Amino acid sequence: MTTTGHQTDLLGRYRDSVLGVFGTPPLVLSHGEGCYVWDTDGRRYLDLVGGIAVNALGHGHPALVSALSKQAAEAIHISNLFTSVPQIELAERLLGVAGAPEGSRVFLANSGAEAMEAAVKLTRRTGRTRIVAAEGAFHGRTTGALALTSKAAYREPFEPLLPGVSHVPYGDVDALRAAVTEQTAAVVLEPVQGEAGVLDPGPEYLVAAREITRAAGALLVLDEIQTGVGRTGEWFAFQAAGIVPDAITVAKGLGGGVPIGALVTFGERVSSMLSAGQHGTTFGGNPLAAAGALAVLDTIESERLLEHARLAGEHLAARVAGLEHPMLHPVRGRGLLRAIPLAAPVSAELATAARDAGFIVNPVEPQAIRLAPPLVVTTGQLDTFVDALPTLLDSLEATP
Ligand SMILES: *Cc1c(COP(=O)(O)O)cnc(C)c1O
């Protein structure tokens, strides 16, 4: 067997060796640089998905590469029997960028779902067991996180799941108010629903959720796994609402591609709810991932990527609107978490045509494509895709 080869050979080997939960991917990628990736046949693509909002600094960013190389040579793993300078610095830095008050704390995990599991255990320590989540919510695939996720196709094959979870229509303040009682341990929400198609209820929804949870003595847990770390043009999307949640979960963009997740608990009371021995992880907080995340946070700050994400996202929305194409509806989302809604359910065909033309986009739902490019994407790079869109759309209409 060879270690390189053409796409078809490699994809055949993939099918014969990798568990089929992802279906068969369309491409075998070999490497990336900035906002571009290359497949094993040497074709180049503009990566407008960024590994699903993960590659915040694009591919091969020198700050991330050098932080990881340096840390790999020093210590990759030490376990949580010990701690390391990167782990401590990352926890401090996360509390800082989250604007977390005195007494706040960080638990470091390895993925989004794991951060959600920590959050679910936190909610149990209220002495209550009911959780209110939203219809359309995506919180991950582990059984605890899956109980909060709403999509029937993801949940039903694995039921019964964690009991006590109800789902209310997303963005509907009255429905939330009606669902939250003195038995509610927590309300768990995404500030913008990513997997549901980049649905943004606006910051007022979080303001209302904060008021409702506070009145009922329930926790407000915000899943910032997709929206966090600069993606929406703020460090965290909740900051646009001017509220203080009880906890947030973070992952995707945090490591710039290195697997990492985090639960941030806000304030002394919530942070003391999980005590020594009540939760743990072998890999979480390892110095390699922590050093990577620190480099990501430092670079977002030094390259002023929050402001850039805001401006580039607005630029994209304005350019798409300017096309005045009958197949395109106004762009949804904030910052560089965006969906381009389509007038017909052709997102899969559009994504395929785009890929053939050298652009990676995500058909997040049948009538919308999602863009979550690296935060370092230039407006010029976004323009190349916008310029290609009319031709791509017209090519779909031409094929019966
Ligand atoms: C991706 C995602 C998760 C799950 O993260 P994993 O790292 O895949 O476990 C949870 N919540 C949201 C909002 C996500 O986008």
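Placement of Cβ uses the backbone N, Cα and C atoms for every residue, glycine included.
For Gly112, Ala113, Phe138, Asp223, Glu224, Ile225, Gln226, Thr282, the entry in TrEMBL reads pyridoxal 5'-phosphate binding site. Marked as N(2)-acetyl-L-ornithine binding site by TrEMBL: Arg141, Thr281. The annotation N6-(pyridoxal phosphate)lysine is assigned in TrEMBL to Lys252.
Taking the features listed in TrEMBL, we show where each one sits on the structure.
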residue : record                               : CB count, 10 Å
Gly112  : pyridoxal 5'-phosphate binding site  : 28
Ala113  : pyridoxal 5'-phosphate binding site  : 21
Phe138  : pyridoxal 5'-phosphate binding site  : 22
Arg141  : N(2)-acetyl-L-ornithine binding site : 15
Asp223  : pyridoxal 5'-phosphate binding site  : 30
Glu224  : pyridoxal 5'-phosphate binding site  : 33
Ile225  : pyridoxal 5'-phosphate binding site  : 29
Gln226  : pyridoxal 5'-phosphate binding site  : 28
Lys252  : N6-(pyridoxal phosphate)lysine       : 27
Thr281  : N(2)-acetyl-L-ornithine binding site : 17
Top Cα neighbour of Ile225 (pyridoxal 5'-phosphate binding site) in the set of recorded positions Arg141, Lys252, Thr281: Lys252
Of Phe138, Glu224, Thr281, Thr282, binding-site residues neighbouring ligand 1, Cβ under 6 A: Phe138
Whole-number Å value of the largest CA-CA distance among Gly112, Ala113, Phe138, Asp223, Glu224, Ile225, Gln226, Thr282, listed as pyridoxal 5'-phosphate-binding: 25
Spatial neighbour of Lys252 (N6-(pyridoxal phosphate)lysine) that is closest, considering only the binding-site residues Gly112, Ala113, Phe138, Glu224, Thr282 and their CA atoms: Gly112
Rounded to the nearest Å - Cα separation of Ala113 (pyridoxal 5'-phosphate binding site) and Arg141 (N(2)-acetyl-L-ornithine binding site): 6
Cβ neighbours of Thr282 (pyridoxal 5'-phosphate binding site) where a neighbour is any other Cβ within 10 Å: 11
Where Asp223 (pyridoxal 5'-phosphate binding site) falls in three-state DSSP terms: strand
Cα-to-Cα gap, Arg141 (N(2)-acetyl-L-ornithine binding site) vs Thr282 (pyridoxal 5'-phosphate binding site), nearest whole Å: 20
